[in-house]
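Q: Checked Swiss-Prot, it gives:
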type: BINDING; residues: GLY94, GLY96, ARG97, LYS117, ASP129, GLY130, ARG180, ARG187, ASP266; note: ATP binding site
type: ACT_SITE; residues: ASP256; note: active site, proton acceptor
type: BINDING; residues: ASN257, ASP266; note: Mg(2+) binding site
Amino acid sequence: MKERKVIIKTGLNLENSYTSLPEIFFTRQNPNRVPSPKLAVLNYPLIAYLGLNAKVLQSTDGVDILAGNKTPEEAIPISQAYAGHQFGHFTMLGDGRAILLGEHITPQGERFDIQLKGSGKTPYSRGGDGKAALGPMLREYIISEAMNALGIPTTRSLAVVTTGESIMRETELSGAILTRVAASHIRVGTFEYVSRWGTIEELRALADYTLQRHFKKRNDKENPYLFLLQEVIKKQAELIAKWQLVGFVHGVMNTDNMTINGETIDYGPCAFMDVYDPETVFSSIDIYGRYAYGNQPNIAAWNLARFAETLLPLLHINPNEAIKIAENAISDFTKLYKNNWLSGMRAKLGIFNEELEDEYLIEDLLSIMHKYGADYTNTFRALTFDNIEDTVLGGKVEFDKWYKLWQERLTRQEESKLSSRQLMKSSNPSVIPRNHRVEEALEAAVKEGDYSVMEKLLDALSKPYAHSKEQDYYSTLPEPSTCSYQTYCGT
């Protein structure tokens, strides 16, 4: 395929260190041309952070780059190979509709993948058309930016362009391409892929590359591959705890959707929980609740065990010793996760120090919330501003008893009630991407071409801890008829 390389001063400063790996890990692939690209949304704060030129990206040439019609001169476009356990079953995968243009080096020296998602067929498309629809791309843009504002590690969304194409799914939909920005796209599934179909030398090359790119600070006397495993476990323990603290349900925690660098990736059937229920599932295909809200920590541990299995040949020359090393490392996940989660829950309740009974206090509150169908986000918001009477828990005997114990707990710390209130305000968001508000924004954009609803939503979501009056509209609960919300893997 003939390359369409151009010199356009977008500010992109691209390298592609990933192509230094053996060719088993990728295939060189140009994006498909699209007939009539138009800019739908551009992320100006992210553009500024990356040191890019917003004016040029808005131009015809800039939009052509975001659509894949033109390729920056220094780009080496590739699709990445990986495998994965999907709902527990192993399969070969790869970038079926995504092209990595390269790695942008920011003025601060940070390295970020720049990927076009929905850019056409690749060798890994497995019969698909490689295209993406506008609605799911806008949805990923909204959710990923909300996650970033909440302080949760995530891939970012730089832009969405419409392609001028119609793509066939169950109905005819408008085509679109998302420009995704990530610290990298190395997944547990990348290691599974080379473990199954590569050599030990290729596995070592990937592990060494990952260490160099993401985990440079290490004691050289340590086993570097054990260090890699331990660091990935730590990052995932932190990430999953942060998901749980805001009621985020990923929906498709396959091993190909677990990044090595600890970023949330692939926002297909994700959603935020309204009413607190550990069994909350939104994905239309997760009929057995494998990826339910309350099961996410267990699934993370399962995925990490699959990652550890890929590293066994590097952990020790003796297979039995390698298994022991891996099992010891994986056994740390539960404790690491719980410590992160407890720390976050204490903050949500204004608690600064640790007491052994804190876990019981927290679990009792969650049990009461579950019993009475309390909204997760708004309950903690009500506790923050001491207006619980406005929630379903107001006047409930069990809650009143719990509230008294909580107040007694707050008096047993040196910090003042005012300090506790400030801690709670910075730990309990006033606004999350409520499913009905996201759908409202998508419907206006996709069906009517009106992006103003989405822009207002994004503005509210960009300041989740502002607790401003203007955000009240976005914190209202859905009507009962819309509570049984289902998501589909369109991204």
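Note that Cβ sites are derived from N, Cα and C of the backbone, with glycine treated the same way.
Help me picture where these features are in the structure shown.
A: In the three-state DSSP assignment, the secondary structure recorded for ASP129 (ATP binding site) is coil.
Classification of ASP256 (active site, proton acceptor) by DSSP places it within a helix.
Within 10 Å of the C-beta of ASP266 (ATP binding site) there are 23 other C-beta atoms, taking all protein chains into account.
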Q: Looking only at ASP129, ASP256, the recorded positions on record, which one has the least crowded Cβ, with the fewest other Cβ atoms within 10 Å?
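A: Ranked by other Cβ atoms within 10 Å, the recorded positions ASP129, ASP256 bottom out at ASP129.
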Q: Pick from ARG97, ARG180: which of these binding-site residues has the biggest number of other Cβ atoms within 10 Å of its Cβ?
A: ARG180
Q: Considering only the binding-site residues GLY94, ARG97, ASP129, ARG180, ASP266, which residue has the minimal Cα-Cα separation from ASN257 (Mg(2+) binding site)?
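A: Its closest listed neighbour, by Cα, is ASP266.
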Q: Write down the Cα-Cα distance for GLY94 (ATP binding site) and ASP256 (active site, proton acceptor), rounded and given in Å.
A: 9
Q: Show which residues of the chain containing GLY94 (ATP binding site), separated from it by at least 6 in sequence, have their CB under 8 Å from its CB.
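A: When sequence neighbours closer than 6 are ignored, GLY94 (ATP binding site) has SER79, GLN80, ALA81, TYR82, THR122, PRO123, TYR124, TYR193 within Cβ distance under 8 Å.
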Q: Does DSSP put GLY94 (ATP binding site) in a helix, in a strand, or in coil?
A: coil
